[in-house]
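In Swiss-Prot this protein carries:
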type	residues	note
ACT_SITE	GLU235	active site, proton acceptor
BINDING	HIS189, ASP201, GLU261	Zn(2+) 1 binding site
BINDING	ASP201, GLU236, HIS333	Zn(2+) 2 binding site
COMPBIAS	587-605	compositional bias 'Basic and acidic residues'
REGION	22-41	region 'Disordered'
REGION	587-614	region 'Disordered'
SITE	TYR332	site 'Transition state stabilizer'
TOPO_DOM	1-57	topological domain 'Cytoplasmic'
TOPO_DOM	79-401	topological domain 'Vacuolar'
TOPO_DOM	423-432	topological domain 'Cytoplasmic'
TOPO_DOM	454-476	topological domain 'Vacuolar'
TOPO_DOM	498-502	topological domain 'Cytoplasmic'
TOPO_DOM	524-535	topological domain 'Vacuolar'
TOPO_DOM	557-635	topological domain 'Cytoplasmic'
TOPO_DOM	657-668	topological domain 'Vacuolar'
TOPO_DOM	690-696	topological domain 'Cytoplasmic'
TOPO_DOM	718-960	topological domain 'Vacuolar'
TRANSMEM	58-78	transmembrane segment
TRANSMEM	402-422	transmembrane segment
TRANSMEM	433-453	transmembrane segment
TRANSMEM	477-497	transmembrane segment
TRANSMEM	503-523	transmembrane segment
TRANSMEM	536-556	transmembrane segment
TRANSMEM	636-656	transmembrane segment
TRANSMEM	669-689	transmembrane segment
TRANSMEM	697-717	transmembrane segment
Amino acid sequence: MADNNSSSGSLVIDEQDYDVHEAGQQGQQGQQKHQQRQQERPSLITRVFRSVFGYRKTSLSLFVVATIALCVSLSYIDNSVDFISFPTVESEVNLLNAAWLDLQVIAKEQHPYGSIGNDRVHDFLERRIQELITGANFITWDNDINGNNSFMFESSSNPKTVSYYESNNLLVKIEGKNAKLPGILLSSHFDSVPTSYGVTDDGMGVASMLGILNYFSQQKKQPERTIVMNFNNNEEFGLLGATAFTRHPWFKLVKYFLNLEGTGAGGKAILFRATDYGIAKYFQNVRTPYASSIFQQGFANGLVHSETDYKVYKEAGMRGLDLAFFKPRDYYHTAEDNIRRTSEKSLWHMLSNSLDFIDYLSKDKEFGMNLEEKPNLLEEPAVFASFLNYFFTISTSQLFKINVALLTVFPILNGLLLLYTIRSRKWQVSFSSAISIPVALLVTMFIVVYLVVESYKSFNQYLPSSRPLLLVATITSILLLVFSIILVAFSFFSIIAEENLRLLAIVELSFAYWVGLAFTTHGLSGAESARHSGEFAVSILFTLEAVASFLGLIGWSLCRNRSHLQVAEGESVPLLNGIDARYSSDNDHDHEHRHGHEDNEHGEAHVQQQSQSRHKKQCKETVHSFGYDWSLQYLITVPLSIFIIYNSGWLVLEGVNKTLQESAKAETFVYNLLWIVSVSLVLPLIPFAGKLNRYMVFVLIAIGVLGTLLVHVVQPFNEANPLKLRFLQRIDGKNNASSVHVYARKGLATEVLEQLPSVRQSNETIHCSQLADGMEDCSFVSALAPQILPGYELGNYIEVTNNGSAPSQLFGVNYNQIKIVALKSQSCSLHFGDSKVKAVVVGSSLESAPAFKHLPSGYSFNKDHFYKDTSGIWNLTLNKLDSHSSFDISLYWLPGIDDEANTLQFDVECFWADLSPVALNNTVFEAIPAFNEVQQYSPISVSWANREKGLVAYTKQVHV
């Protein structure tokens, strides 16, 4: 009994000793493993690198935030005039100071053609030119008031309109050393519209030209080639000053031109257009180039309805550039285009770039000779852009060749790689996965574009006029949020595998861009390649996605087989590059902490993982050079794409967003542009959309909600972004009734007009009649008659007399001479309403009138000005310099076959544009009190522009 107990106790002790020994061994092994893990623990730099560039939600979200911040900042720096440096050289400082003073004098008052202010500006420029060229014997000037300053031409073909114009351009010629070299024209216009002080349009251009003239006169050194400066008049209503220059003897001296213009109010002067690549490439020689051929494409496609003198010079066979201010358009042609709204930096940007361009070309002895060596290349339209004062340009044919190469090479390379990886089962993509991304995008676009955008439009129709970027940010956030939700849903229901998403999206995006590039390339191959000259961004976007696709497919193709990349149950799916899941976690915990936790909890699984097939290990080692490929693909595709899309979208929106006030068609275009820009901004992020962390999702929700609230409460018009209304006071010659007409989009003018004192006091009803394209004409009878001619009755503002006639038999050619007297009016129009009039004469007398059959077709001059067109002339516009002289007109006309009487009936319409006060018997009157009233009593969110070439129009019906 005792022995048995002793043996049992000994066994227990031995077992306890064994357990203690085993525990000690396990403890030693644990310590060894812990020490081994500590030795294998990556360095701090490695851990930071893995934390930042590992495919984690937080890393990706930080990348997205950094990308947006960087792109917006770079775009602001690139487009803002604030980053233009003032000159530091004393001579340039003096040039700027003198030019700024000149601009202040020019912009002292409104100065439309035919006004006293216009005459004052003309006289100032004449004196200033004479001052600047004193002592420079190689510089001469000409006042275009000579025997040949008057002419007639066809100004419109539909309907047929003939214009008569008297020019008083101021011209300067800087004689070049080499008369064989083609000369350069520098042009701007010194007139304004009646409602504007003309600072940006086009005082900046005029002041810049004076600065350049100042520079050359101080140099006392002749340039190699001749430079002609055209300070022209009456650009605003027909580009007439530029047209007049084409008839001046100095026109034959020049072949190239630089036109200075302004369609905004300040900012930076952008290269709008270039006639060809051969001249555009010389813009790289300016110090702060700012350019985009997007605007050139807009002009070529008729999206920009206003024109500049560039059009006249190009049609006259010249080659050159159009340099202009383009924003903000709110102040364009309004009283806000004044000195207060611009800056010396804006002036210096135009002046310095113009000076650099002209100075370089004037010294270049080869310029003009090289242009003829490769005419087919150099005369093609140019594609151009700038970034941070670097200028890039290429011809459309060169871009066409590059695009053809891109369209061919990448599809072959990526297509072969894609075919290889799929057929060898290295990368398996199901049909549902392949269509899931396009389906998700289409569903997202439908939800956002047709529900969100349309609801915004119904709540705040004109908000894009003042807040285009608010709408872009809101729509983009909602798009990205909805798309991400749809992707998560697809992944949840196993429609698409997460490991397929990124590369699959990149491949499909590259295909979408390929289709767009094919369309662009087809357009570049035609004769109208300028209509696609702003689509160069598509080439870049396709290249970025194609390169990323190539790298991703290479990563898959280097693996032996897709099955070797399967991992143990319970592990995360590896990246496309095969890197272990611990460096590609979807959660936001520290990688190394989680790694240690896994070793303690799943040691067996870790050992199992390390002993996986040699093929898998070899595949990992093979593609290890592609580690963290998500970050490489992101950096290739996203930042540059986002910047190009955002910056291009910003430029276009800033240029056209105000046009939705001008027509329903323009409104549709602006809204389409808004969602196109928003969708385009989302496209580069599609491959990574499912990896945004919860904080990024909250930010998107916040932007979407806040933006939607702002859309509902923010006013579309304010002081900085006013509603632009157009004014015209009409006088009916039948009853001499005066009425004010205001033109605007439907529903915008009535509330403003109802608050005018004259309307409230008279209880006049405002009548609005619908016009084409969403516009309306709101009018009311005004008690504030114009006082342009104090002491005159309204019925005497126009006098039309028939000074003689030479009637022939019925259906023969009739001849009538009439005299039109409209004091202080320098512009009248005759509206015939049909094609009865076959020839018009300005300045003729009945006695010297030649027979109709002896008149040559078109324009001719023989003491008088003749224009003949047997197909019929519908309108005749007349412009004269002397406001007190009359228009002497002769008409050759045929009665209609159904006319019962041999009578010609037409309307004479004369315009007055001068707002200068007038006096009678020591009493001062406002010339146009009705216009002063609308300016004074309108809300601060309203600005006023002219509707026609004058602010007052008097119409009288005439029978001869």
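Any Cβ shown, glycine's included, is placed from N, Cα and C.
Annotated features taken from Swiss-Prot, shown on the structure.
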residue: HIS189; record: Zn(2+) 1 binding site; CB count, 10 Å: 30
residue: ASP201; record: Zn(2+) 1 binding site; CB count, 10 Å: 29
residue: GLU235; record: active site, proton acceptor; CB count, 10 Å: 27
residue: GLU236; record: Zn(2+) 2 binding site; CB count, 10 Å: 24
residue: GLU261; record: Zn(2+) 1 binding site; CB count, 10 Å: 26
residue: TYR332; record: site 'Transition state stabilizer'; CB count, 10 Å: 24
residue: HIS333; record: Zn(2+) 2 binding site; CB count, 10 Å: 24
Measuring CA to CA, name the entry from the recorded positions HIS189, ASP201, GLU261, TYR332, HIS333 that ends up nearest the residue listed as 'active site, proton acceptor'. HIS189
Annotated stretches the transmembrane segment (503-523) and the transmembrane segment (697-717) touching (3 or more Cβ pairs under 8 Å): no
For the transmembrane segment (636-656): best-contacting stretch of 58-78, 402-422, 433-453, 477-497, 697-717, by Cβ pairs under 8 Å: 58-78
If you count Cβ pairs under 8 Å, which stretch among 58-78, 433-453, 536-556, 697-717 touches the transmembrane segment (402-422) the most? 536-556
Based on Cβ pairs under 8 Å, which of the stretches 433-453, 477-497, 536-556, 669-689, 697-717 lies most in contact with the transmembrane segment (58-78)? 669-689
Roughly how many Å lie between the Cα atoms of HIS189 (Zn(2+) 1 binding site) and GLU236 (Zn(2+) 2 binding site), rounded to a whole value? 9
GLU236 (Zn(2+) 2 binding site): nearby recorded positions from ASP201, GLU261, TYR332, Cα cut-off 10 Å: ASP201
Give the distance between the Cα atoms of GLU261 (Zn(2+) 1 binding site) and TYR332 (site 'Transition state stabilizer'), rounded to the nearest whole Å. 12
In the same chain, outside ASP201, GLU236, HIS333, whose C-beta lies within 8 angstroms of the Cβ mean position for the Zn(2+) 2 site? SER192, VAL193, SER196, GLY198, ASP202, TYR332, ASP337
Collapsed DSSP category at ASP201 (Zn(2+) 1 binding site): helix
Could you check what DSSP calls HIS333 (Zn(2+) 2 binding site) once collapsed to helix, strand or coil? coil
Taking the center of the Cβ atoms of HIS189, ASP201, GLU261 at the recorded Zn(2+) 1 site, which other residues in this chain have a Cβ no more than 8 Å from that point? SER188, GLY198, ASP202, GLY205, GLU235, GLU236, LEU260, GLY262, THR263, THR308, ASP309, ALA324
Per DSSP, what is the residue tally for the topological domain 'Cytoplasmic' (423-432) in helix, strand and coil? 3 helix, 0 strand, 7 coil
